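> For ASP13, the entry in TrEMBL reads active site, proton acceptor. TrEMBL lists HIS41 with the feature active site, proton donor. Positions annotated as active site by TrEMBL: LYS139. The feature GTP binding site is assigned by TrEMBL to 12-18, 40-42, ARG304, 330-332, 412-414. Per TrEMBL, Mg(2+) binding site is recorded for ASP13, GLY40. As annotated by TrEMBL, IMP binding site applies to ASP13, GLU14, GLY15, LYS16, ASN38, ALA39, GLY40, HIS41, THR128, ARG142, GLN223, THR238, ARG302. Here TrEMBL flags THR298, THR299, THR300, GLY301, ARG302, ALA303, ARG304 as substrate binding site.
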Amino acid sequence: MNSLAIIGTQWGDEGKGKITNYLAKDADFVVRYQGGNNAGHSIFVNNKKFSLHLLPSGIFYKNVVNVLANGVVIDLFGLVDELNELKANNFKDFKLLISERAHVVFPYHKKIDGLFEELKAKDKIGTTKQGIGPAYTDKSSRIGIRIIDLFDDKYLAKRLKENILIKNNLLKSFKIEDQIDFDSLYQKILVIRKIIKPFVKDTAKIIYDALNQDKKVLFEGAQGVLLCLDHGTYPFVTSSSPTASSIPLNVGIPCNYINEVLGIVKAYTTRVGRGVFLTEITDQISEKIRIKGKEFGTTTGRARRIGWFDATLIRYAKRINGLTKISVTLLDVLSGFEELKIAINYKINGKIIDGIPLLEEDLLKTEVEYLILKGWKEDISKIKTFAELPENAKKYLRAIEKYGEVKIAQFSVGPKAEQTIDLIKIW
Ligand code: GDP
Ligand code: IMO
Ligand code: MG
C-alpha cells in the first residue's frame, strides 16, 4: 500500500499542517479522519499564511483529492467560510470529497460546549468551544445527524426537532433563557446544504479503491496523541482519537492498509488548554520560546503553554501509533539558548515508569529526569542540509532520536515548505 499517516505526537500544534502540505505535493489523496474545526493547521503558500481548520492540507494542489472522512465532525458554516477564503485567494480549482457518514456540528453543539465549560468553572478543560465534544456525544448517543441526512427533508426535520427539544430542555435546566429556534436553523441548513452537495460521496469506497490501485494516500491527523480520548491525558483531551490505529475505523478501510506512520515532533513541547504537563517551563525562557515560535493558538488565539522537549512522550507516541519515522519541527526556535533540557525519564520513588501517570497522587510524586545539552546561537532558518547545522544542534537532534527511540526522517527550520530538510525518504 502507498499510505502514510501523519500523526501529532504531543498535545497538538506540532506543525502537521506544514508537513502535510509539504508531503502532499507527491500525493493523490489527503484525508482528514478525525476531529473538526478545533484543529488549526498553518501553511504558507506563495508567502501567505493560511490557517486550515477542516480542509485537509493538500487543498492547495489541484491534482490532490482532499477528503473529510467519516470520523470527522463537520461544522457546515465553518467549512463554507474556509471554502470562501480559498476562493477569495484564487484557489478555485481544488478537489474535495465529504463522507456521507461524517456527522454534523450544529450551532447548538457550540453553545453547549461553551455552557459546559462555564459550568465546570475552575475544572474546565479549556476546549476550543467549537462544539466538538457535544457533536461526538450525539454521535455515540445515536442522535447525531450525518451529512447524508441533510438531504432527506423529512428525516432531517424530524431529527433536528428531536435534537433541539433535548437541547432546549438542557438549556432550561441550567436556567438559560436563550432557546434554539428550529425554523431559522432549518432554513439556514436548506441553503448551506446546496453548497456542499457536490462534494458528498461514499469516501470509504473511494479510498479503498484508490489504495488498491496503488494511489498515494496521506492521512492527516489533527490534535496529538496526548489529546486522544482513549490514550491521552484524560479528561483533558479531545473527543476523538488522533492515533494511527483510529484511521481504519475513521476512514472505512482495512486495518492493514496503513504502512508508514510519520510522527510530527515539535523540538520542544507545547500545550493549549488545561491538564498535566510535567516539563512545563514558567520562567522567562517560556516567554522567549513563545514569542520566537509564535506560540499562540491558531483556532483560539490563546497563549500556548511551553515546556522542554519530552522524549518519554515520543516513546509513548511510538508505542501507541507504531511510528516508523519522525519529522522534527520548529528546531530554529531553539537558537539562542545557553542550555536546553530534554526529559528522558519519569520516575516515581526513584523507579522509571512508562507513560504518564493516570492518578493525581502519582503525578505529584513523579520526578522528571533531564539531560542537559549546550545550546547554539546561530540562526539556522536558512540552512539546507544537516551538515550545516551547528554542532550543538546536531547533538540536540541526535539526542531526540536516541531517547525518542525513533529515526528522524526530516527536520524543519521555519514555517515555509522550503525550510524542510529531508534526511531519509519518507514514502
Ligand atoms: P498543527 O496544528 O500541527 O498543524 O500546527 P500549527 O499550525 O497549529 O502550529 C505550528 C506553528 O508553527 C505554525 O504557526 C506554523 O506556521 C509554524 N511552523 C511549522 N514548522 C515550523 C518550523 O520549523 N519553524 C518555525 N519557526 N515555525 C514552524
Ligand atoms: P491541531 O490539529 C492543540 C485541545 C484544546 C483542549 C482540548 C479539548 O491544531 O493540533 P476540544 O475543543 O477538542 O474539545 O478541546 O484539546 N485541542 C487542541 N490543542 N491543537 C489542536 O489541534 C487541538 N484541538 C483541540 O485546547 O485542551
Ligand atoms: Mg494547530
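Each residue, glycine too, has its Cβ placed from N, Cα and C.
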> Closest of the recorded positions to ARG304 (substrate binding site), Cα to Cα, picking from GLY12, GLY40, LYS139, LEU331?
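Nearest by Cα distance to ARG304 (substrate binding site): GLY12.
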> What is the separation, in Å, between the Cα atoms of ASP13 (active site, proton acceptor) and GLN223 (IMP binding site)?
7
> Hey, does DSSP put ALA303 (substrate binding site) in a helix, a strand, or just coil?
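In three-state terms, ALA303 (substrate binding site) counts as strand.
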> Among LYS18, SER42, THR299, THR300, GLY301, ALA303, which binding-site residues lie by ligand 3, judged by Cβ under 6 Å to any atom?
none
> Between GLY12 (GTP binding site) and GLN223 (IMP binding site), how far is it from one CA atom to the other, in Å?
4
> At the Cα level, what's the spacing in Å between GLY40 (Mg(2+) binding site) and LYS18 (GTP binding site), rounded?
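If we compare the Cα positions of GLY40 (Mg(2+) binding site) and LYS18 (GTP binding site), the gap is 11 Å.
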> Please report the Cα separation of THR298 (substrate binding site) and LEU331 (GTP binding site) in Å, rounded to an integer.
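It is 19 Å, counting Cα to Cα.
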> Listed binding-site residues: GLY15, SER42, THR128, ALA303, ARG304. Which have a CB under 6 angstroms from an atom of ligand 1?
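GLY15, SER42, in sequence order.
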> Return the member of HIS41, GLN223, ALA303 nearest to LYS18 (GTP binding site) in space, with distance defined Cα to Cα and candidates limited to these recorded positions.
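Closest by Cα distance to LYS18 (GTP binding site) among the recorded positions HIS41, GLN223, ALA303: HIS41.
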> Here are the recorded positions: LYS18, HIS41, LYS139, ARG302, ARG304. Which has the lowest count of other Cβ atoms within 10 Å?
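Checked LYS18, HIS41, LYS139, ARG302, ARG304; of these recorded positions, fewest Cβ neighbours within 10 Å: ARG302.
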